[in-house]
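Annotated in TrEMBL:
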type: DOMAIN; residues: 215-333; note: domain 'PROP1-like PPR'
type: REPEAT; residues: 164-198; note: repeat 'PPR'
type: REPEAT; residues: 199-234; note: repeat 'PPR'
type: REPEAT; residues: 235-269; note: repeat 'PPR'
type: REPEAT; residues: 270-304; note: repeat 'PPR'
type: REPEAT; residues: 340-374; note: repeat 'PPR'
type: REPEAT; residues: 410-444; note: repeat 'PPR'
Amino acid sequence: METPVLGFEARCPHNLFTTNSRPSSLPASTVSVRSLTTTTTTTTTVAKSPETVVVTQHPRTKPHSKSFLTRKSAISEIEQSPNFLSSLHRLARVLKVQDLNVILRDFGISGRWHDLIQLFDWMQQHGKVSDSSYSSCIKFVGAKSVSKALEIYQSIPDESTKTNVYICNSILSCLVKNGKLDSCIKLFDQMKRDGLKPDVVTYNTLLAGFIKVKNGFSKAMELVGELPHNGIKMDGVMYGTVLAICASNGRCEEAESFIQQMKDEGHSPNLYHYSSLLNSYSWKGDYKKADELMTEMKSVGLVPNKVMMTTLLKVYIKGGLFERSRELLSELESAGYAENEMPYCMLMDGLSKTGKLEEAMTIFDDMKVKGVKSDGYANSIMIAALCRSKRFEEAKQLARDSETTYEKCDLVMLNTMLCAYCRAGDMESVMRMMKKMDEQAVSPDYNTFHILIKYFIKEKLHLLAYQTLLDMHSKGHRLEEELCSSLIYHLSKIRSHSEAFSVYNMLRYSKRTICKELHEKILHTLIHGKLLKEAYVVVKDNAKVISQPTLKRFGKAFMVEGNINLVNDVLKVLHGSGHKIDQVQFEIAISRYISQPDKKELLLQLLQWMPGQGYVVDSSTRNHILKQSHLFGRQLIAEILSKHHIVSRTMVKSRSEPKFSRGQRSK
């Protein structure tokens with residue numbers, strides 16, 4: 001399926017964006033070395049114009065030197081040798097560093113990754129490396145292993161070499177292509193601190209990484225803001241990249257501004273620039289601006305291509321212009337641009353999501369009659385549409401037809417079919433789909449797990465839902481609070497208290513804040529399951545957002561059955577949260593201490609702590625302590641209880657004193 005506009009920089013060579021862009025990130029010296037491996041003897045004249053670079057070749061009149069031919073022969077022999085290292089040892093004295101770089105690059109181009117590494121190690125050991133060696137090696141190694149490419153870069157001994165712009169561009173490009181954008185930006189910042197002077201290729205490389213990154217617009221604009229400070233002007237390639245970033249973030253006003261800036265600087269926007277601007281209009285369905293743009297393009301002689309017309313269709317659909325969308329679809333068909341399902345899928349999806357399911361089904365049937373090439377996405381869209389309309393049996397039947405018709409499906413299609421089976425309650429098909437995903441080595445994503453967990457909860461397979469959530473968490477997917485809360489509730493109902501607490505912990509550590517009601521919910525679950533140590537962890541971290549009745553229930557439960565060594569800690573946490581501890585809890589705690597004389601120190605600590613916080617033992621507890629005072633030291637107990645008595649009298653006196661208003665006091 002062809003995706004309109006997004007990623008357009010991958011659809012065309014950079015020179016289509018117009019001028020002054022460097023053709024590669026390799027130094028000029030590496031280009032000349034390539035002449036060693038060619039049989040054509042030429043000299044080159046380069047003629048530049050504002051729009052193009054023209055290369056004219058002229059026959060070479062001067063014959064090659066004997067040294068040149070010897071080196072060329074050595075390169076060929078090493079590359080063709082079954083044991084290139086032995087040939088290299090024998091011919092090393094003939095070869096220069098640039099000759100070794102030629103072999104290095106040829107190994108990389110032909111995919112001889114292991115040989116490339118061996119050759120580079122040999123070059124390092126013999127001190128025959130140049131900036132170009134590092135740049136080429138990082139480029140080819142990075143396509144296979146990011147960590148190895150970083151290792152090579154970090155092993156560069158000379159600091160000035162590490163900030164060579166070509167080497168830096170190679171490692172940054174490697175990180176961008178492998179989706180390591182955060183690491184790339186950190187390394188770039190470090191390079192600048194170490195003295196790197198970035199060039200236009202550096203910025204084009206970095207900016208390209210932000211095209212499909214969520215919220216990448218602001219960081220991209222920071223990079224664009226750096227350009228004037230480094231004496232760099234935006235070229236056609238960079239404008240194309242920046243416009244693609246604007247489009248992928250729905251920044252149509254900024255895209256318009258960059259198009260105008262291009263024109264002001266003398267650049268002529270091409271189809272790819274206009275495509276991005278048009279795509280930015282699709283976010284809000286701004287069909288008026290889209291039509292104006294198409295008129296402007298035609299006025300300067302640009303003919304809309306398949307991608308642009310498909311993107312215009314997307315704008316019309318988003319804007320709700322379904323009649324015009326059908327007309328444009330007919331135009332696409334007439335131009336031969338609707339040979340695959342993409343435009344049909346877009347229209348079906350737009351119609352179904354606005355409640356026009358029957359019209360969407362008409363397009364679907366029409367597509368099949370016309371024999372439009374499909375990879376199954378049209379089926380996937382209709383299955384999802386039928387599920388939204390609660391026509392689950394029809395969705396299930398279409399999913400089964402899709403399974404039969406399409407031997408291999410991508411994850412989006414598999415998720416859609418799985419959802420249809422789940423919504424229809426077809427457990428057998430659900431299990432079959434899961435088995436198919438395993439057989440096809442398709443890794444489940446967030447949506448897969450979410451669909452399955454909701455289904456297992458609905459079918460009262462709560463422990464299976466829990467195991468699926470564990471798997472989801474282990475794969476690094478972010479957990480949704482509402483789903484976790486529902487699972488906690490159902491696990492509690494079947495007395496799977498430990499599992500419920502595990503779900504709570506997974507959610508708590510995957511998010512900074514969670515709904516305060518969830519802390520109370522899990523606390524009730526843990527108290528009911530007598531997991532009081534775990535309950536204490538919840539209270540200690542969240543006591544201030546838990547209600548007083550629930551804290552009271554926890555406190556009493558812990559005094560009765562909680563770990564006796566933690567009783568004092570629990571009482572202090574409860575008091576520190578503003579909870580008023582009642583006499584019943586103190587009585588239970590003290591009785592437990594008295595029944596275990598080896599906990600003498602804990603009892604004494606509690607009795608000494610109480611008066612300072614405004615607590616005293618009541619008369620019955622006091623008498624109970626005195627009867628057992630021989631176990632804890634009569635004199636010490638008497639002194640502590642004396643303090644309790646003084647505090648108690650003070651509290652009684654304070655309560656019995658009459659209260660006066662300010663006016664009465666002054667009189």
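Placement of Cβ uses the backbone N, Cα and C atoms for every residue, glycine included.
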Beyond the flanks of the repeat 'PPR' (164-198) by 6 or more, those residues with Cβ under 8 Å of it: 25-27, 131-132, 134-136, 138-139, 142-143, 146, 149-150, 153, 156, 205-206, 208-210, 213, 216, 219, 226, 230, 232
For the repeat 'PPR' (164-198), the mean pLDDT of the predicted model: 93
DSSP residue counts for the repeat 'PPR' (199-234), split into helix, strand and coil: 23 helix, 0 strand, 13 coil
